[in-house]
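Input: a single structure, listed below in structure tokens.
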Amino acid sequence: MGNNCVGPSAAGQNGFFANVALWRPRPADAAPPALPPPSSAPSDQAPEPVTIPPSEHSSHHSSRSTDPSTPTSAAEQPANKAAPKVKRVQSAGLLADSVLKRDVNTARLKDLYTIGKKLGQGQFGTTYLCVEKATGREFACKSIAKRKLLTQEDVEDVRREIQIMHHLAGHANVVSIVGAYEDAVAVQLVMELCAGGELFDRIIQRGHYSEKAAAQLARVIVGVIEACHSLGVMHRDLKPENFLFIHQKEDSPLKAIDFGLSIFFKPGETFTDVVGSPYYVAPEVLMKHYGREVDVWSAGVIIYILLSGVPPFWDESEQGIFEQVLKGDLDFSSEPWPNISESAKDLVRKMLIRDPKKRLTAHEALCHPWVCVDGVAPDKPLDSAVLSRLKQFSAMNKLKKMALRVIAESLSEEEIAGLKEMFKMLDTDNSGHITLEELKTGLQRVGANLMDSEIDALMEAADIDNSGTIDYGEFIAATLHINKVEKEDKLFAAFSYFDKDGSGYITQDELQKACEEFGIGDTRIEDIIGDIDQDNDGRIDYNEFVEMMQKGNNAMGKMGQHSTGNFGLGEALKLR
């Protein structure tokens, strides 16, 4: 049994990450290093810093500290105030003439590439298929509209992500950046195309896997973390969705994507800004005093899910999840854990130690007997229940959001009394859309005392099509009182909207068309149906539809979790 324990220089053979989807404002005193020249292998030094004009907003963000003082206690910084995600403010104009901060090549993107179909729509950018004219090779092109870059921090975030992608260039499991282009209206990033799907989706499609296969995936994940840390990069948003396969073949490399929250760090440096995703965030992030150890925690959560199909810290609300992250016990007694090897449990336990000083480092985790090449992970197939749970965990019920929108648009003026005027009050520029800033201003006007992170969560829950704004239909759907939603005639009308052929069932084809109509892309239709379909006939009948609409009744957040209990936009605006 060989222990193929690699060091920083060799870690480049085991890793992954890239894509531009989400940015976190960066303080003025933390300017990112300059863009390094392209390289075929990872550099062992961070690029030299460049001078970037300070932002007028930076005084509101104290994101990093070099003072290793005692962390703020959980009592002083309640977990339920932590931001699971940070959204960029919608903007009307750019604060910098050039985002890339260099002389842009005279060649334009369209001179070199043919732009093809849309691959995905993110919060702040659209990804297209693009084909290199000279070679016919396919790539992914992410287009970021400059009008959405409102603050200097927004501009710096884009620059920093590009810098980090170049800094990690050459790593076998990090999505490669091919080039960055800029014109008068957008920044375009051309990247390696990952057409093989997400990590969990691949496992679900295959229908079976073993501890040994899980250990191989864990080795890739931890290997990327070690490579990032050795090059002075902290990812800060590790989760299964950020791991994609290049192609559908069995031997496809796994690539890490999305460095939108990543940041350069120095040894001993600590950070305070709360970033990440609820299930995967480390406890010290919620306590606002953390370092690179947070990435190991997130990887430990992913490995726990790979082995059991459920997250280690679970609750029906984000507040509850955060409380579990801070205080909850690890469950190794429920199924399937009695059948999982002791070595696997030992690794997960050591990666999920709450004290970051006692937690395994990425290098130590990579050297663990369960993870290392030819290690002790058994080849015995994992219980089929793990796959079933994994499928449930990965699926997100988007049908309910679409149905609420349909019901909202069918209501009479009397039924939505007051909501129309409320929308007009919030939509101060009469654009027909409520921006994040308008929502914040409106909530303050009605006396709602909410943190930015809570307003971000409300915005995300209401913004069905991920456009970054709330249109009238989305607003009504988000603020409706539940007694209107549960009326029989409204439910039947909504069901009939999706049941185009009047068969009495919503089929996969009908749901696919509905997703296209609502601008909801990158969706596994069979998973949405499977989450609702109780008799396993592959379609949704009226009774199943009604039960879905009446169950929970709180807005769904990312990864299928309920966002914040029964608290939603209606409550925030004091409409309920």
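Each Cβ is built from the backbone N, Cα and C atoms, and glycine gets one as well.
Positions annotated as N-myristoyl glycine by Swiss-Prot: Gly2. The domain 'Protein kinase' annotation in Swiss-Prot covers 113-371. Here Swiss-Prot flags Leu119, Gly120, Gln121, Gly122, Gln123, Phe124, Gly125, Thr126, Thr127, Lys142 as ATP binding site, drawing on sequence analysis. Taken from Swiss-Prot, the feature active site, proton acceptor applies to Asp237, supported by sequence analysis. What Swiss-Prot records for 414-449 is domain 'EF-hand 1', and it gives sequence analysis as the kind of evidence. The domain 'EF-hand 2' feature in Swiss-Prot is assigned to 450-485. Residues or ranges marked as Ca(2+) 2 binding site in Swiss-Prot (evidence: sequence analysis): Asp463, Asp465, Ser467, Thr469, Glu474. Look at Swiss-Prot and you will find 486-521 tagged as domain 'EF-hand 3'. The domain 'EF-hand 4' annotation in Swiss-Prot covers 522-555 and is backed by sequence analysis. Per Swiss-Prot, the feature Ca(2+) 4 binding site maps to Asp533, Asp535, Asp537, Arg539, Glu544.
Distribution of Swiss-Prot features across the structure.
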{"residue": "Leu119", "record": "ATP binding site", "DSSP (3 states)": "strand"}
{"residue": "Gly125", "record": "ATP binding site", "DSSP (3 states)": "strand"}
{"residue": "Asp237", "record": "active site, proton acceptor", "DSSP (3 states)": "coil"}
{"residue": "Asp463", "record": "Ca(2+) 2 binding site", "DSSP (3 states)": "coil"}
{"residue": "Glu474", "record": "Ca(2+) 2 binding site", "DSSP (3 states)": "helix"}
{"residue": "Asp533", "record": "Ca(2+) 4 binding site", "DSSP (3 states)": "coil"}
{"residue": "Arg539", "record": "Ca(2+) 4 binding site", "DSSP (3 states)": "coil"}
Site with most surrounding Cβ atoms, counting all protein chains shown within 10 Å, from the binding-site residues Gly125, Asp533, Asp535, Asp537, Arg539: Gly125
Proximal residue to Asp463 (Ca(2+) 2 binding site) among recorded positions Gly125, Asp237, Asp537, Glu544 (C-alpha distance): Gly125
Structural state census, the domain 'EF-hand 3' (486-521) (DSSP three-state): 21 helix, 2 strand, 13 coil
Glu544 (Ca(2+) 4 binding site) and Asp465 (Ca(2+) 2 binding site), Cα-Cα, nearest whole angstrom: 24
Averaged pLDDT score, the domain 'EF-hand 4' (522-555): 75
Alpha-carbon spacing, Arg539 (Ca(2+) 4 binding site) to Leu119 (ATP binding site), which is rounded to whole Å: 26
Thr469 (Ca(2+) 2 binding site), number of other Cβ atoms within 10 Å: 19
Cβ neighbour count (within 10 Å, all chains shown) around Ser467 (Ca(2+) 2 binding site): 14
Among Leu119, Thr127, Asp237, Thr469, which are recorded as recorded positions, the nearest neighbour of Asp537 (Ca(2+) 4 binding site) by Cα: Leu119
Separation of alpha carbons, Asp533 (Ca(2+) 4 binding site) and Glu474 (Ca(2+) 2 binding site) (Å): 26
Cα distance (Å, whole number) from Asp533 (Ca(2+) 4 binding site) to Thr469 (Ca(2+) 2 binding site): 32
Thr469 (Ca(2+) 2 binding site) - helix vs strand vs coil (DSSP): coil
Ca(2+) 2 site shell beyond Asp463, Asp465, Ser467, Thr469, Glu474, criterion: Cβ within 8 Å of Cβ centroid: His433, Ala462, Ile464, Asn466, Gly468, Ile470, Asp471
Packing count at Glu544 (Ca(2+) 4 binding site) (other Cβ atoms within 10 Å of its Cβ): 19
Euclidean distance between Cα atoms of Asp535 (Ca(2+) 4 binding site) and Leu119 (ATP binding site), Å: 33
Shell of the Ca(2+) 4 site beyond Asp533, Asp535, Asp537, Arg539, Glu544, same chain only (C-beta within 8 angstroms of their C-beta centre): Tyr505, Ile529, Ile532, Gln534, Asn536, Gly538, Ile540, Asp541
